[in-house]
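Feature list (source: TrEMBL):
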type     : residues : note
TRANSMEM : 12-30    : transmembrane segment
TRANSMEM : 42-61    : transmembrane segment
TRANSMEM : 82-101   : transmembrane segment
TRANSMEM : 107-126  : transmembrane segment
TRANSMEM : 138-157  : transmembrane segment
TRANSMEM : 169-191  : transmembrane segment
TRANSMEM : 196-215  : transmembrane segment
TRANSMEM : 227-249  : transmembrane segment
TRANSMEM : 261-278  : transmembrane segment
TRANSMEM : 293-312  : transmembrane segment
TRANSMEM : 324-342  : transmembrane segment
TRANSMEM : 362-381  : transmembrane segment
Amino acid sequence: MRLKSIDILRALTMFFMIWVNDFWTLQGLPKWLLHAKAGEDYLGFSDVIFPLFLFIVGLSIPFAIKNRLQKGDSRRDIAKHILIRSFSLLFIGVFMVNYESAYHEGIIIGKYLWCILMALGVFLIWTHYKKSPIPKQLHLPLQILGLAVFVFLAIIYKGGASGEHWMRPQWWGILGLIGWAYLVNALIFLFVRGNFAVMIGVWVLFNILSVWAQTDMAIQLSGPFRYLSTIVGGTIPGLTTGGIVASLIFEKWSKVSLKQVYTILAVLGIVCLAYGLGTRPMWGISKLGATPSWLAICSAMGFFLFAILHYIADKRNITKWAKIIAPAGTATLTCYMLPYIIYPMRTFVDFTLPDVLNTGVIGLIGSMVFALLVVAITGWLEKKGIKLKL
């Protein structure tokens, strides 16, 4: 089963992610659109995009795993797929986050060409070759070339204010955080065979860990275990578990009554919203701080949006309005990678817009046009058979 609402929610989220990620090129923007600063008790529009994507990852997990089981895949094969997919996300995420801190003058090809080659490497390795027009005999050589590109990029990398350090995981990047959330949730879901009660318990546990992380007794991991801090922190994986819970609620009650499904999702959303706002004085609402209130409020948004979009797209079959952004929901990784080619190329050709086009409402409209252009290019590539798939 493939729900139109999940594809549309994914497309909307990716479209807005491209949009808000372009805000760095603008000036004179209203505060409510921007990310909150470190330590600030505030939730800007930009702060809800990434958590919604984590929620959508959770929405998709039950359907994806059950689809593979129906096709005859063994649980061992599915677990292997989960591990490979998670490692791929972590791998790409680490390269992306290191681009942000790259020392341009210390890299022999410069950070911008480094970024373009990174994106090219992703396409060489993770293009869905089986559905591409590229001859089969070239698939493996191209993937080996992609791996060689990444080895080269790692060797020449220098990061920091003066090129004093090599590549580091740092905060793993957006894709890396998604990788950790996907890894732990997909493996747990597979291991417990999608048991509803257990997944509710896991969701509660991650919310408790999120609270625990705000106390003086927060778990401090050292050595190689420190790489698991994203999971132990609870907040990031908790958003994805919330999505799994929403999908299981749909699966469990949709055959009885969709009205009941919408009611349960709405009640869960209200409870999460009340909890998030009610506990705000204790730790604030902060994306950078990964606070329990941020987790709860964004989870509430996920429950509400899933219910609303399911009613519109799946029950009422009203989907034409989302056609323009559809490629962002079906070729999401491709869409996310394209700006990592476009921005450096703009720098190379010294392409800039007049200040009047980068300011206020006009700038926002321009950035929205840019996001639509990225989605359009994604759709064109998808029609040509070029699409990334982990």
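Residue numbering: from 1, along the chain as shown.
A Cβ is built for glycine as well, from the same backbone N, Cα and C atoms used for every other residue.
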Exercise. Please work out which recorded stretch in 42-61, 107-126, 362-381 has the most C-beta pairs separated by under 8 angstroms from the transmembrane segment (138-157)?
Key: 107-126
Exercise. With a Cβ cut-off under 8 Å, give me the same-chain residues at least six positions beyond the ends of the transmembrane segment (107-126) that come close to it.
Key: 88, 92, 95-96, 99, 142-143, 145-147, 149-150, 152-153, 156-158, 163, 333, 337-338, 340-341, 343-345, 347-348, 386, 388-390
Quiz item: Residues sitting near the transmembrane segment (261-278): Cβ under 8 Å, six or more positions beyond its termini, same chain?
Solution: 242, 245-246, 249-250, 253-254, 285, 292-297, 299-304, 306-307, 310-311
Practice problem: Flag the pair the transmembrane segment (227-249) / the transmembrane segment (42-61) as in contact if three or more Cβ pairs fall under 8 Å (sequence separation 6 or more). | Solution: yes
Quiz prompt | Interface check, the transmembrane segment (324-342) with the transmembrane segment (293-312), three or more C-beta pairs under 8 A | solution = no
Quiz item: Taking a Cβ cut-off under 8 Å, which residues six or more beyond the ends of the transmembrane segment (12-30) line up next to it in the same chain?
Solution: 45-46, 49-50, 52-53, 56, 322, 325, 328-329, 332, 335-336, 339, 355, 358-360, 363-364, 366-368, 370-372, 374-375
Quiz item: For the transmembrane segment (362-381), what are the same-chain contacts with Cβ under 8 Å, counting residues 6+ beyond its ends?
Solution: 11, 14-16, 18-19, 22-23, 25-29, 33, 324-328, 331, 334-335, 338-339, 342, 353, 356, 387
